[in-house]
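This report concerns only the one structure given below.
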Amino acid sequence: MAFDPQTAHSIATAKVFMVGAGGIGCELLKNLLLTGFRDIQLIDLDTIEVSNLNRQFLFRSEHVGKPKAEIAAQSGLELCPEAKITFYHESVIQAKFNVKFFSQFDLVLNALDNAAARSHVNRMCLAADRPLIESGSSGYLGNCKAIFKGKTECFDCQPPAPQKTFPGCTIRNTPSEPIHCIVWAKHLFNQLFGEADPDQDVSPNTADPSLLVDGQNGTGHHNGAPHQNGSSPTGIASTVAISTREQAVSCGYNAITLFEKLFRDDIAYLLSMEKLWEKRRKPVVLDVQAILREPQAILQEPQPLDSDRSNGDGGSTAGDHEDKRVWGIGENARVFIRSVRGLKASLEKLGNLVWDKDDEVAMDFVTAVANLRSSCFGIATLSRYDIKQMAGNIIAAVASTNAIVAGFIICNAVQVLRGNQSGCYNIITRMFRDAVPATAPKRRIRTTGVSRLDVPRPGCVSCSERVEIGIKLRIASITVKEFEEKVVKGYLKMSAPDVELDDASGKIIISSDDAGEGKNRDKPLAFFGIQDGTRLKCEDSLLDDYEVTVTLHNDDHLAEDTLFLPLDAHVEGELAQPTVEPFEQAKGIKRKLEEEILTPGMSGNKRVALLASNSDAASEPNGNGNGLSEDVIDMSHRF
Amino acid sequence: MDIQAEEHMQTDATTEVGLNGSENGKENVELAPVNPDRFRATNLYDRQIRLWGWEAQQRLMRSRLLMYGMNGVGAEVLKNLMLGGIKEITIVDDALVQEADLSTNFFVRREDFGQNRATASKGRAQLLSAACALTAVQGNVNILTEEWVRGYDLVVINGVSLTEAVRIGKVCRELRVPLFVSQVVGFHAFYVNDLNGLTFEVPPLGGEKPAGSGPKPKPKIIIDDDEDMPSTSRGRPTEAQVVCTDQAEESAPQSAQLEITVPDLASILTEDCARRSGLASPMPKRGGLKRIDPYLNMELILTFAAQKGRYPQYQYMEEDLKVLDHILGMIRPEGDTRVVEPNEFLRPDANFTCAIFGGTMAQEIITVLTRRGYPIFNLFYLAALDAMGSREYLQ
């Protein structure tokens, strides 16, 4: 035992809750047990994937497909039979894990991979007044810090890195980069094989503002106005969404017919919207029959690989990376046909599918579709490897970084149990493998950046005492759904909100019982008699007494792509300008990172912002399905 | 086109896919998911291939490692390298499993008490990767002679005496096999390595951003020591050189070569070397936190080790603390404010020290095996509880 008897005793009797049993979680569970922790509860809703096995060492190949929480607990008990380990294979964002549940622990340890769950656990710990240690890793970077309610900065005090967003029109009408086609391909997957989301329409959009904006000569922006085939920016698009699916059903998912609809007819339709192509390169239609008639190019074109040391001890170690080859158009078409058939079969067998980057057929489909669409628009096609990176928002991950982070978590945890708050640090670690110092190798280079914990940010929506906020928005047009998703859940970070008028009527606007199914969700706020100056009471039903009063200020002059603006100088910039470099914002925040260990041009707090929202630890997809989470691509700022 | 014609088309397409597709035709007929081998290397190691590239991954999968000492650091290094996909590891140890190992080496259990630490670790370690040829050998560090070391791509030595470290340093240098020597000292740990003569592919000077408008990279850039360095080191010839390999005149180079020239272990594992290098280094800045200086700590530890023939140990807490305080009084310059806490040395090995230190060392071993990236040479020092990890260049 490395500590004095008193510390050792607090460690042995401490009750800890570990949220996430993935990359950091596996290392952390081992460290907790070896350090002497004996009462551990852990939660993770994920199952084990092949690609986890390079670092999540509590899992082995025979465990693939099994729950991480269960196998981690099992391996933990094998390592230390005298420990008490309880596991939950489910989401932590649930009413059963309430404030009372959190209150039973001496310490909560986050080993998560997504901002939504991090933020939720942060809230629960604040409500239960329990210390939380937050951590994350991404490639060679890792960080770890402790959070004490009211004394130190909480998770939400740092503005989140803005999500990458693409206007709906770019996706549907005028893609110009591979990512636009990849987003479109994922939307198409959902339209054809998954839960159709009206926000993810894939058909040409006749309400494209660029049809209107430059229309000074006033020629018809509805040129060729095609009946129902369009959706308004307010999201009333269900007819179209159904119609894409319906068309697929009506042709029995015939891959050739679908190909012709998607890459010939729809493109031809877009071409008919001439206004779009006045300043853009015109797309071309694809002729599937011509493509399939073309003789196949040689499929396995060898990649140039390292020629050194080919000393023939190969086996599985030698050879190409098969996914790094860029397919020709013929191969894309064939993979499209093959994957449509495969997915059709799965759909018939299993019902609606959820897109998953680790599902080979689903990944083939997105690769082929994205490349075919890119071919239409003259955009470079990419390899399956690269498309997987973007579509799955894959974060590089390696065992060593997680081991280091999990070690530092223990350092902080021990100080928490000793009651030594000043011994807790905000730690950033990195390897400088890919970062030669800007000038030349120096005599001394820190591999660890460490600073004292910051004080809470005044006005933080999570940890400040203030419960009154003001928000500017367009009351006449913002829908209840948008208000709930973007303001109450997104900005106020409530998991299961109840919202009512703060007046004698107490009229309910949003109810957590409805779970997003309320019938008036597509109505604008004005429909409920809400006007400039109306106050709304927002409560999170998962938290005992977390209530925020929001005063609504009507502002019809908000920028077109801005849904709302908080009347809070600290946060304004971040929400008003979602496209701002995340690092630029983080710069403005005071932080005492005392050692510049990092590559010049990328300081410590930038990296914190980078890590905070998304990193390798454990999955908590929050109901969005693997890879399709809102972390990846948020479509909120349509138009 | 009528439906029949379309179906016909589809049949044609099927045939073609079946005949020419990269996957076998049978799966197409059955419409089963195409799934060649879920556990193939490109899948299994995908997340790290996206970090260091496929070429580096292949090099790692061809590498052979020899490691002495299955203490906590040995266990962490073994785990991280096996997970990474290394081809072969031989572990050697003569220690027997005891109580203290249970809190650092997670490959051993209570029922292994009294058994050899290497052979007891092998079974559970092997479960991490069936692809890795793992051999456990019962033996003292002194069996690691030239015949033993020959053929390995890298040697790791954990927790041996100064004398043994120097001996193995000599063997490895002659064979030009890179070497890491690690020592855990309570909550602190350090490694020294000998990468002499190795060449690394590194990003060009100027960092990650291509310096389009910046000054052209010079063909040879001598390492620029810290500006605020005391004058004693000015004019000293620096030994590592960075040479840009890209021949293009105007465009920024894609990568550069770093060739390492360092003194041997015998000269850097002396207290003199630590003192010299410490005097030549800027005082540590820690923004109000403890100003822990690796060099002064190293000098203290190495002086102790040279005098006593062993490193400080918690079992001899009182005795060692006296000696350490005495040495510190002798070596510390007048008015020096650097923080040294000898009682931090006198702790049993802690798991978190091993995790942080072993994680760092494993990563560096991978850097060296793959020759890609900028390695941490030739001293890495960690004060775990203070979260102070630092690379120092000993000359």
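Glycine is no exception: its Cβ is also placed from the backbone N, Cα and C atoms.
As given in TrEMBL:
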DOMAIN    A:6-421  domain 'THIF-type NAD/FAD binding fold'
BINDING   A:20-25, A:Asp44, A:52-55, A:Lys68, A:113-118  ATP binding site
ACT_SITE  A:Cys169  active site, glycyl thioester intermediate
REGION    A:199-236  region 'Disordered'
COMPBIAS  A:226-236  compositional bias 'Polar residues'
REGION    A:297-323  region 'Disordered'
DOMAIN    A:348-388  domain 'Ubiquitin-activating enzyme SCCH'
DOMAIN    A:473-558  domain 'Ubiquitin/SUMO-activating enzyme ubiquitin-like'
REGION    A:616-639  region 'Disordered'
Applying an 8 Å Cβ threshold (strictly under) against chain B, tell me which of the recorded positions A:Gly20, A:Asp44, A:Asn54, A:Asp113, A:Ala116, A:Cys169 fall inside, in sequence order.
A:Asn54
Residue list, the domain 'Ubiquitin-activating enzyme SCCH' (A:348-388) vs rest of chain: Cβ under 8 Å, 6 or more residues beyond ends.
49-51, 175-178, 180-182, 184-186, 188-190, 193-195, 259, 262-263, 267, 281, 283-286, 321, 323-327, 329, 332-333, 335-336, 338-340, 342, 394, 625-628
Taking only the CA atoms, the spacing between A:Gly20 (ATP binding site) and A:Cys169 (active site, glycyl thioester intermediate), expressed in whole angstrom, is 37
Just to be sure I understand the packing, how many Cβ atoms besides its own are within 10 Å of the Cβ of A:Ala116 (ATP binding site)?
22
Can you check which residues sit near A:Asn54 (ATP binding site), meaning Cβ under 8 Å from its Cβ, same chain, 6 or more apart in sequence, and list them in order?
A:Ala397, A:Val398, A:Ala399
Taking the Cβ of A:Gly20 (ATP binding site) as the centre, how many other Cβ atoms fall within a 10 Å radius?
32
Do you know the DSSP helix, strand and coil residue counts for the domain 'Ubiquitin/SUMO-activating enzyme ubiquitin-like' (A:473-558)?
16 helix, 25 strand, 45 coil
Reported as an integer number of Å, what is the Cα distance between A:Ala116 (ATP binding site) and the residue listed as 'active site, glycyl thioester intermediate'?
27
Starting from the Cβ of the residue listed as 'active site, glycyl thioester intermediate', draw a 10 Å sphere and report how many other Cβ atoms land inside it.
20
Distance between A:Asp113 (ATP binding site) and the residue listed as 'active site, glycyl thioester intermediate' at the Cα atoms, whole Å?
30
What Cα-Cα separation, expressed in whole Å, is found between the residue listed as 'active site, glycyl thioester intermediate' and A:Gly23 (ATP binding site)?
38
Tell me, what is the mean pLDDT of the domain 'Ubiquitin/SUMO-activating enzyme ubiquitin-like' (A:473-558)?
83
Using a 10 Å cut-off, grab the number of neighbouring Cβ atoms around the Cβ of A:Gly23 (ATP binding site), all chains included.
32
Have a look around A:Asp44 (ATP binding site) and count the other CB atoms within 10 A of its CB, chains all included.
31
